[in-house]
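The structure appears right after this line, and notes come after that.
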């Protein structure tokens, strides 16, 4: 009887609890992996569908039903017609001008503003920050903005897109926080060597905050690349339309007639594949650049989001 009671009261071996813990952890890892793979598939499939549809034969694609996993009859006709359209080529050129020029202006103004706001001896620092934060929630409105751009003579010029949006308040605050997080010893050492404000900014602060600047620069570039609303509002000359405005005309207004020269019997089918090919043409450059800057994202946003 004493042996039986001792066997009942004896605690379970420690290895048994560890085995159950490992099994629970492994099951949790498998569940997470399945969930994340499912979410990735759901997120990736729309882009894959558009890519496969753009590479499909128009007639076979129109007859296809159900999930589209592979191109239905490989064809590059849609891409050939898209690239042959002068509006797409000029849209690419205009978008590159806007992206390069706008991102350059944005980065210069954001760096200068963040450096000034990060000064410890800046007078009226808090009122200035409140004014900057106020602009994140309230604007002057579209009509006053349009009247201002018109009175400045910027209509039908790239300045109408670039100058009113020279700096973003959120990016300015992120970069200011990153500048504040840097040790002041670097600045003190530069001042001992006779460096001024501009030298300290461009040779000390900018190199040390390169990850944050890369993230902010990508945000600005993607914003300019995807923008079409203000171009639609300020540009009446179609030769200045950016690529996204051309894409909007193709998708929303179904304006594919200029790309279907010579098509007679299957115009409706070709029109669908042209839409898909235009989406790929407008999306692919950003997707090609993103992997090269991905390594900066976590580090850059962590540095910019931590207040000292």
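Note that Cβ sites are derived from N, Cα and C of the backbone, with glycine treated the same way.
Automatic, uncurated: that is what TrEMBL annotation is.
Residues 69, 283 of the same chain, all 6+ positions outside the transmembrane segment (27-48), place their C-beta atoms under 8 angstroms from a C-beta of that stretch. The transmembrane segment feature in TrEMBL is assigned to 27-48 (among others).
As annotated by TrEMBL, transmembrane segment applies to 92-116 (among others).
Per TrEMBL, domain 'ABC transmembrane type-1' is recorded for 92-297.
The feature transmembrane segment is assigned by TrEMBL to 128-148 (among others). Long-range Cβ contacts of the transmembrane segment (128-148) within its own chain (Cβ-Cβ under 8 Å, at least 6 residues beyond either end) map to 117, 122, 164, 169-170, 172-173, 233-234.
Tertiary neighbourhood of the transmembrane segment (160-179): same-chain residues 98, 101-102, 105-106, 109-111, 113-115, 117-118, 129, 132-133, 135-136, 145, 148-149, 154, 205, 209, 212-213, 216, 219-220, 223-224, 227, 230-231, 234-235, 301, 303-307, selected by CB-CB distance under 8 Å and a gap of 6+ residues from either end. Per TrEMBL, the feature transmembrane segment maps to 160-179 (among others).
Feature annotation from TrEMBL assigns transmembrane segment to 200-222 (among others).
Summarising the annotation, TrEMBL assigns transmembrane segment to 274-293 (among others).
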Same-chain residue ranges lying at least 6 outside the transmembrane segment (274-293) that approach it to Cβ under 8 Å: 47, 50-51, 53-54, 78-79, 81-83, 88, 214-215, 218, 221-222, 225, 243-244, 246-247, 250-251, 254, 256, 259-260
